[in-house]
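Engineer: Below is the structure I would like to discuss, written out as structure tokens.
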Ligand code: C5P
């Protein structure tokens, strides 16, 4: 289990992100998504590393295997800790993504862990049936994508806390389940459909949690972070 909650840096600029991190006053495991990375570039990763933060680069790559493999080779040089692809890109794409990471990791450094997105948590079963022409229940698709990700050699998946136990059952304890959709008691669900508190997520089988607005939108983010961390580590 990852001890620290992963904090989603869902901010448009480095300035805002830095101000937030200064207020937190501790090393974090942060998630950098498309919004921040695409507007500010790799320099952000260098800055975060200088500040001793661990990094989940949430770019959800999905393209032909060769392109994803080469992109991953470049990204591995940034010495991030965790990165992801869409499982819908297929087994060969995932294998080449992993290969690219192995090739790009500087010698003596640890390869970034690679996880996949199965069905996005924003996709409903009805939408999946209509748009992807998949007739099976959504959970079957999620479990199938988890299984092919494991076969491709990936380290885990991003999933809902409510899917974590079923994935663990099929793919084993070591196959990591990184789960967003986390809320402290009393926080609004906002656009997340099926939420869980940090302690519920642990009980449901998450191996790491991603928390955004419950921390970044709190009146006192540092206090909210400590509360999330304590609940996650069962120290409350
Ligand atoms: O603010 P909140 O805690 O809902 O943020 C969750 C973070 O996790 C966001 O950065 C969101 O993009 C991300 N995420 C998600 N569901 C996924 C994959 C990523 O909510 N399936």
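Note: Cβ is positioned from N, Cα and C throughout, glycine not excepted.
Because the structure is a prediction, the values reported are computed rather than measured.
So TrEMBL has the following annotated:
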{"type": "ACT_SITE", "residues": "58", "note": "active site, for OMPdecase activity"}
{"type": "ACT_SITE", "residues": "60", "note": "active site, proton donor"}
{"type": "ACT_SITE", "residues": "60", "note": "active site, for OMPdecase activity"}
{"type": "ACT_SITE", "residues": "63", "note": "active site, for OMPdecase activity"}
{"type": "BINDING", "residues": "10, 31, 58-67, 121, 183, 192, 212-213", "note": "substrate binding site"}
{"type": "DOMAIN", "residues": "4-228", "note": "domain 'Orotidine 5'-phosphate decarboxylase'"}
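What's the neighbourhood like for each of these?
Structural biologist: There are 25 other Cβ atoms within 10 Å of the Cβ belonging to residue 58 (active site, for OMPdecase activity). Following the DSSP three-state reduction, the secondary structure of residue 58 (active site, for OMPdecase activity) is strand.
If you take the C-beta of residue 60 (active site, proton donor) and look for same-chain residues 6 or more apart in sequence within under 8 angstroms, you find 34, 84, 85, 86, 117.
Counting every protein chain shown, the number of other Cβ atoms lying within 10 Å of the Cβ of residue 63 (active site, for OMPdecase activity) is 15.
Taken together, the residues in the domain 'Orotidine 5'-phosphate decarboxylase' (4-228) have a mean pLDDT of 95 on the 0 to 100 scale.
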Engineer: Quick one: which of the recorded positions (10, 59, 63, 65, 212) have their CB closer than 6 Å to ligand 1?
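Structural biologist: From 10, 59, 63, 65, 212, counting a Cβ under 6 Å from ligand 1 as near, the near ones are 10, 212.
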Engineer: Over all shown protein chains, what is the count of other CB atoms within 10 A of the CB belonging to residue 59 (substrate binding site)?
Structural biologist: 16
Engineer: Could you tally the C-beta atoms, other than its own, that fall within 10 angstroms of the C-beta of residue 212 (substrate binding site)?
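Structural biologist: If we count other Cβ atoms within 10 Å of residue 212 (substrate binding site), we arrive at 20.
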